Amino acid sequence: MWLLYLLVPALFCRAGGSIPIPQKLFGEVTSPLFPKPYPNNFETTTVITVPTGYRVKLVFQQFDLEPSEGCFYDYVKISADKKSLGRFCGQLGSPLGNPPGKKEFMSQGNKMLLTFHTDFSNEENGTIMFYKGFLAYYQAVDLDECASRSKSGEEDPQPQCQHLCHNYVGGYFCSCRPGYELQKDRHSCQAECSSELYTEASGYISSLEYPRSYPPDLRCNYSIRVERGLTLHLKFLEPFDIDDHQQVHCPYDQLQIYANGKNIGEFCGKQRPPDLDTSSNAVDLLFFTDESGDSRGWKLRYTTEIIKCPQPKTLDEFTIIQNLQPQYQFRDYFIATCKQGYQLIEGKQVLHSFTAVCQDDGTWHRAMPRCKIKDCGQPRNLPNGDFRYTTTMGVNTYKARIQYYCHETYYKMQTRAGSRESEQGVYTCTAQGIWKNEQKGEKIPRCLPVCGKPVNPVEQRQRIIGGQKAKMGNFPWQVFTNIHGRGGGALLGDRWILTAAHTLYPKEHEAQSNASLDVFLGHTNVEELMKLGNHPIRRVSVHPDYRQDESYNFEGDIALLELENSVTLGPNLLPICLPDNETFYDLGLMGYVSGFGVMEEKIAHDLRFVRLPVANPQACENWLRGKNRMDVFSQNMFCAGHPSLKQDACQGDSGGVFAVRDPNTDRWVATGIVSWGIGCSRGYGFYTKVLNYVDWIKKEMEEED
């Protein structure tokens, strides 16, 4: 308690007066004229009042009154709560009279009365005595309204709390035990248990007044709500006693238990229910009683446990649960994967990973997936080739194997240096679901055209004079062009045409970039070629050394045409090979020139060819000088034929190739390109030396590949 003190001035009143003191928490009270002698024949009553909720405490600091037997003459009388606390006179420390000493006077209420009385004189043996009177201090002291007052025998001015009393400085308040509600008078309690809520992880719940008889007409609802992921366990204690009937189940009073809104039991009688695992974090206990009965009720202890999920079980032998645990509880998870070569499937969806989490209701948030064998799908088609299964036909799943192959005779598979022949074209369906080769990876092989291997080669034993009509398949690389007139060319690979630059940019003509490029392949007859259709050109590449404006210089007379689309090779359409050494230009080596050019001053409708020997370069040079020609004859050219022969390429054959059979490989090689000459069948013909341009040709073709 904290104490404050306030000085109160001495009050002087005539006999019979009353002096009220304003409500304060502390102060002092004195006799009239203190510390001077007090007057005779005087009586007054001082009323000390403190705020409600406090008591008055009074202590005398000085006390000097005329002593007398029974304090009959002068005295101070103290009263409170309609009771006298004593009558006092004399001096402090003196045995005479009845001095108050250091005694503390305490009221039960917030008022105290102090009456001061003097008689007509203060004489002792004829001598007038002077007495100072008294000085007293008072203070407001907190009243503990909750303390028992039976010891004092006083009546409580306030009604007692029916259940629980709580004191505070200056007052008190009442409350009720669980299951009861404080009434309007703020002191009495009435049973009210319709919405009791418990949120702790464990605790006790009981019927009202347990183990004494519970009140009648109860409608109690005890709700337990704990964190999600916890499950509640209920254990009833002894005694368990709810009014029942021998023949009818719980007709009078009953205890109903609900978990997650579902009834899990209704109980009464004297046998306690079994321990209950509710598998829920929300439980309600409904307790109903009728108007009578004296049963003792019930009490239970509830506890919580983290909810558990069932052990995950795989749906097939290929599913793997990583780090399988003996037990899974709320917020735990597991990861499922598949054995190599299998993939997770959830419904119809392919999963890259799978994780399932244990939910607060004890179920997994996702159903267990299945593992399905990886399917690589239909193998990619191989242009100019095909594949065959080396495992079960049509099965494209994990570990299936296929063998790619090329259409023989016309195509061969591209090989890598150091690769084993047994592994070429072999692809396996991998665990990643892709077809893969050990050397090439995912990239499928290429079927490269086979060059220089005509199915029906020209008969070389026959002596040819003046040219001859070619048969189908003799020169399957032959190309018929119509750009600035008729011309020729040869097929390289399956989409490149080797020809002379001057067929695209003729000498003594203006440079033209928009000329029509008509290219035909696959037959020896012009009309049939037209029926087969023109092959669109994607790109034209002319050697940078070619000069259109220099009419006597055919240096760099070589060009490449890239077809828009690759052609399909066959017996009448095959490429020719490129040279790789100088032996193809040995003196006297026989070669073949074919074309649709002028024959005896007539336009040919069928492919014709001549057989010519490689000539001596010096002889050709001398022959040119004898004709007084200044034409350039460089190391990038060679000549063929003989002045005595009436055989030669002619107008319309330009761009065609000089083809030589390689006796070592039995392949036909394009050693030259028909470039220029002096008239037709009048001596030597001059050809672009292809060997000197092989690097340029390969570079141009590789850039597009």
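Any Cβ shown, glycine's included, is placed from N, Cα and C.
Some features that Swiss-Prot has for this protein:
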- 1-17: signal peptide (SIGNAL)
- 18-141: domain 'CUB 1' (DOMAIN)
- Glu66, Asp74, Asp119: Ca(2+) 1 binding site (BINDING)
- Cys71-Cys89: disulfide bond (DISULFID)
- Asp142, Leu143, Glu145, Asn167, Tyr168, Gly171: Ca(2+) 2 binding site (BINDING)
- Cys146-Cys165: disulfide bond (DISULFID)
- Cys161-Cys174: disulfide bond (DISULFID)
- Cys176-Cys189: disulfide bond (DISULFID)
- Cys193-Cys220: disulfide bond (DISULFID)
- 193-305: domain 'CUB 2' (DOMAIN)
- Asp243, Asp253, Asp290, Asp294: Ca(2+) 3 binding site (BINDING)
- Cys250-Cys268: disulfide bond (DISULFID)
- 307-373: domain 'Sushi 1' (DOMAIN)
- Cys309-Cys358: disulfide bond (DISULFID)
- Cys338-Cys371: disulfide bond (DISULFID)
- Cys376-Cys429: disulfide bond (DISULFID)
- Cys406-Cys447: disulfide bond (DISULFID)
- Cys620-Cys639: disulfide bond (DISULFID)
- Cys650-Cys680: disulfide bond (DISULFID)
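Note: the Cα of Cys429 (disulfide bond) and the Cα of Asp294 (Ca(2+) 3 binding site) are spaced 82 Å from each other.
Other residues of the same chain near the Ca(2+) 1 site, with their Cβ within 8 Å of the Cβ centroid of Glu66, Asp74, Asp119, are Asn40, Leu65, Ser68, Tyr73, Tyr75, Cys89, His117, Thr118, Ser121, Asn122, Tyr131. Of the candidate disulfide-bonded residues, Cys71, Cys268, Cys358, Cys406, the one lying closest to Asp253 (Ca(2+) 3 binding site) when CA atoms are compared is Cys268.
Here the Cα atom of Cys620 (disulfide bond) is found 136 Å from that of Asp243 (Ca(2+) 3 binding site). Here the disulfide-bonded residues are Cys189, Cys220, and the one ringed by the most other CB atoms within 10 angstroms is Cys220. Considering only the binding-site residues Asn167, Tyr168, Asp243, Cys268 (disulfide bond) has Asp243 as its nearest partner by CA-CA distance. Here the CA atom of Cys250 (disulfide bond) lies 15 Å from the CA atom of Asp294 (Ca(2+) 3 binding site).
Under DSSP, Cys71 (disulfide bond) is assigned to a helix (H, G or I) in the three-state scheme. Mean model confidence of the domain 'CUB 2' (193-305) amounts to 92 (pLDDT, 0 to 100 scale).
In this structure, the disulfide-bonded residues under consideration are Cys146, Cys193, Cys358, Cys376, and the one with the smallest number of other Cβ atoms within 10 Å of its Cβ is Cys146. Between the alpha carbons (Cα) of Cys371 (disulfide bond) and Asp142 (Ca(2+) 2 binding site) lies a span of roughly 79 Å. For the recorded site, Asp290 (Ca(2+) 3 binding site), the DSSP three-state label reads coil. Neighbouring residues of the recorded Ca(2+) 2 site, listed in sequence order and excluding Asp142, Leu143, Glu145, Asn167, Tyr168, Gly171, comprise Gly53, Asp144, Cys146, Val169, Gly170, Tyr172 (Cβ within 8 Å of the Cβ centroid). Closest to Asp243 (Ca(2+) 3 binding site) in space, going by CA atoms and restricting to the recorded positions Cys71, Asp142, Cys146, Cys176, Cys220, is Cys220. Cα of Cys358 (disulfide bond) to Cα of Cys338 (disulfide bond): a span of 21 Å. Of all the binding-site residues in the record (Asp119, Leu143, Glu145, Tyr168, Gly171), the one with the smallest CA separation from Cys71 (disulfide bond) is Asp119. Taking a C-beta cut-off of under 8 angstroms and a sequence separation of 6 or more, Cys176 (disulfide bond) has the following same-chain neighbours: Gln162, His163, Leu164, Leu182, Cys189.
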